[in-house]
């Protein structure tokens, strides 16, 4: 099972991407539940394709890209290194984002968080319902493919909502530490919800793993 509490740039990226200087291949993480465990909110077909095909493709392409990057480093080929950056960002981001996403979900999820996380949500958004509305709106409003996020601003000590296009990783592009991510690529919902993204957003709140989100939040406060 994936680590459930990841905080800080080096701690966030190192376990997932590794260090290019000491190359180690990435692997597809196991899900902490069965493909059908999130039904009826997210069906088994979506989960199987999403995990075993889409996430697996990001992992495989990341490994290939890192091998090419290592070769470019060894040759001192700066042009090739620069040319590989988009693929590193896209596939590395896809691996990071999905590795968080799977642990953010649970068949025993839904409801509201408790304790310090709930108090922080009320402090920063007014109420839990207002927070849900804002994150839902940010996620629905993503043009094309991307992610809606609840992140932690370490400098300010506050929670923030953000949206990232494509597979841009939250921390690597905004500096916010990811706590909860909602995948709004069509492959995450189209087979069940067709083009009605708001229905998918309404359903996913029933399987949010608030224990995992809370663990991430508490780790980032240390």
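Backbone N, Cα and C define each Cβ position, glycine as well.
From the candidate list 95, 98, the residue Swiss-Prot records in the Mn(2+) site shared with 50, 183, 187 is 98. Swiss-Prot marks one residue of 25, 68, 134 with the annotation N6-acetyllysine, and that residue is 68. Swiss-Prot gives the label 3'-nitrotyrosine to one of 35, 58, 217, namely 58. According to Swiss-Prot, of the residues 130, 194, 130 is the one noted as N6-acetyllysine. Residues 51, 54, 55, 101, 185, 188 surround the recorded Mn(2+) site, their Cβ atoms falling within 8 Å of the Cβ centroid of 50, 98, 183, 187, which are themselves excluded.
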